[in-house]
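> What Swiss-Prot shows for this protein is this:
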BINDING   Cys38, His63, Glu64  Zn(2+) 1 binding site
ACT_SITE  Thr40  active site, charge relay system
ACT_SITE  His43  active site, charge relay system
BINDING   Cys93, Cys96, Cys99, Cys107  Zn(2+) 2 binding site
BINDING   Ile175, Asp195, Arg200, Leu262, Gly263, Ile264, Ile286, Tyr287  NAD(+) binding site
Amino acid sequence: MKALAKLRPEEGIWMVDSPTPELGHNDIMIKIRKSAICGTDVHIYNWDEWSQKTIPVPMVVGHEYVGEIVAIGQEVNGFHIGDRVSGEGHITCGYCRNCRAGRRHLCRNAIGVGVNRPGSFAEYLVIPAYNAFRIPDNISDELAAIFDPFGNAVHTALSFDLVGEDVLIAGAGPIGMMAAAVCRHVGARNVVITDVNAYRLDLARKMGATRAVNVAEERLADVMIELGMTEGFDIGLEMSGAPSAFRAMLKAMNHGGRIAMLGIPHEPMSIDWGEVIFKGLFIKGIYGREMFETWYKMSALIQSGLDLSPIITHRFHIDEFQKGFDAMRSGQSGKVILNWDER
């Protein structure tokens with residue numbers, strides 16, 4: 001089958017002819033319709049320090065997708081040939097304390113599709129049936145293909161009550177922008193997103209941010225005055241992984257504020273712990289999606305009118321995957337979709 005793989009420990013992704021994955025008793029086989037390129041895939045393409053420590057080479061990569069079930073293992077119940085599905089990219093052990101308590105997103109033994117085992121940049125993907133999520137008929141293939149990153153945004157944004165709250169989002173990447181859309185949709189008052197990328201800040205405005213702030217050109221404190229804010233932000237969503245952005249967020253938070261952190265710093269960072277202690281801030285780390293409550297919330301948000309369409313900015317056939325990676329690496333894109341249909 002046709003697939004995109006990391007073949008060598010160097011920059012790049014390559015189109016290969018790969019064996020079709022074998023189906024286990026508890027697995028489903030998915031014929032991929034559309035894939036999306038994740039920031040993780042860009043890290044793997046660039047072969048940065050994280051990738052070098054994490055990715056076994058060769059490896060078929062990718063974990064954002066939608067497709068159709070074409071084969072079902074003999075022990076699988078609840079799915080049928082022809083079902084349209086996406087899937088949870090973290091495959092959990094099922095026997096650790098968190099798994100047995102229903103907190104599978106905190107599994108200490110999780111492995112990643114397209115990271116530790118063959119992924120979805122391929123004509124066919126095999127995953128445990130447990131990991132599959134059936135897509136409602138009134139949700140498009142394109143939106144279903146980005147459920148994985150959308151789930152990160154939903155998990156982060158819905159960590160705290162947002163109704164009537166002032167929200168600060170650090171980082172206008174695709175996940176940060178989708179989080180802004182979620183916050184506005186569920187009733188936040190002001191949703192302010194910060195970055196230094198003018199293209200993505202403009203896209204964040206289209207996604208519903210009250211104010212998109214280029215922190216290289218204007219002060220966050222001035223924006224707060226402009227919005228009539230006198231006590232700081234109630235909710236912070238850290239999506240950037242940038243130490244300077246997190247420090248600025250701590251300063252801008254109201255006493256008793258709550259912060260959800262999804263962004264991963266590239267190296268250890270220092271902060272003023274006095275900001276946390278004396279303000280009584282609550283900080284929550286976010287990893288992946290809650291299985292499968294986040295997935296149900298994603299569907300419900302879209303079905304209730306949440307518009308994510310502006311986030312998809314580029315579409316290419318899978319044979320043009322290099323153009324897709326070039327767009328993602330340029331920073332001048334939202335989500336990039338790769339189509340697997342016949343030309």
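Residue positions begin at 1 at the first shown residue.
A Cβ is built for glycine as well, from the same backbone N, Cα and C atoms used for every other residue.
Help me picture where these features are in the structure shown.
Reduced to three states, the DSSP call for His63 (Zn(2+) 1 binding site) is coil.
Note on Thr40 (active site, charge relay system): other Cβ atoms within 10 Å of its Cβ, all shown chains, come to 22.
On its own chain, His43 (active site, charge relay system) has Trp50, Ser51 as residues at least 6 apart in sequence with a Cβ closer than 8 Å to its own Cβ.
Under 8 Å, Cβ to Cβ, and six or more positions away along its own chain, Cys107 (Zn(2+) 2 binding site) finds His90, Thr92, Cys93, Cys96, Asn98, Cys99. According to DSSP, Cys107 (Zn(2+) 2 binding site) sits in a coil region rather than a helix or strand.
Listed in sequence order, Gly171, Ala172, Gly173, Gly176, Leu201, Ala204, Ala212, Val213, Asn214, Val215, Ser240 are the same-chain residues six or more apart from Asp195 (NAD(+) binding site) with CB atoms under 8 A from its CB.
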> About how far apart, in whole Å, are the alpha carbons (Cα) of Glu64 (Zn(2+) 1 binding site) and Tyr287 (NAD(+) binding site)?
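Checking the Cα atoms of Glu64 (Zn(2+) 1 binding site) and Tyr287 (NAD(+) binding site) gives a distance of 16 Å.
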> Output the one of Cys38, Cys93, Cys96, Ile264, Ile286 that, of all these binding-site residues, has the highest number of other Cβ atoms within 10 Å of its Cβ.
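That would be Cys38, with the highest Cβ count within 10 Å.
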> Among all protein chains shown, how many Cβ atoms are found within 10 Å of the Cβ of Cys99 (Zn(2+) 2 binding site), not counting that one?
19
> Between Ile264 (NAD(+) binding site) and Thr40 (active site, charge relay system), how far is it from one CA atom to the other, in Å?
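Computed Cα spacing between Ile264 (NAD(+) binding site) and Thr40 (active site, charge relay system) is 11 Å.
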> In the structure shown, with every protein chain counted, which of the binding-site residues Ile175, Leu262 has the densest set of Cβ atoms within 10 angstroms of its Cβ?
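Answer by Cβ density within 10 Å: Ile175.
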> Among the binding-site residues Gly263, Tyr287, point out the residue whose Cβ has the most other Cβ atoms within 10 Å, with all shown protein chains included in the count.
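Going through Gly263, Tyr287 one by one, the largest Cβ count within 10 Å is at Gly263.
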> With Cβ-Cβ distance below 8 Å and at least 6 positions apart along the chain, what are the contacts of Arg200 (NAD(+) binding site)? List them in sequence order.
Ala172, Gly173, Met177, Gly331, Gly334
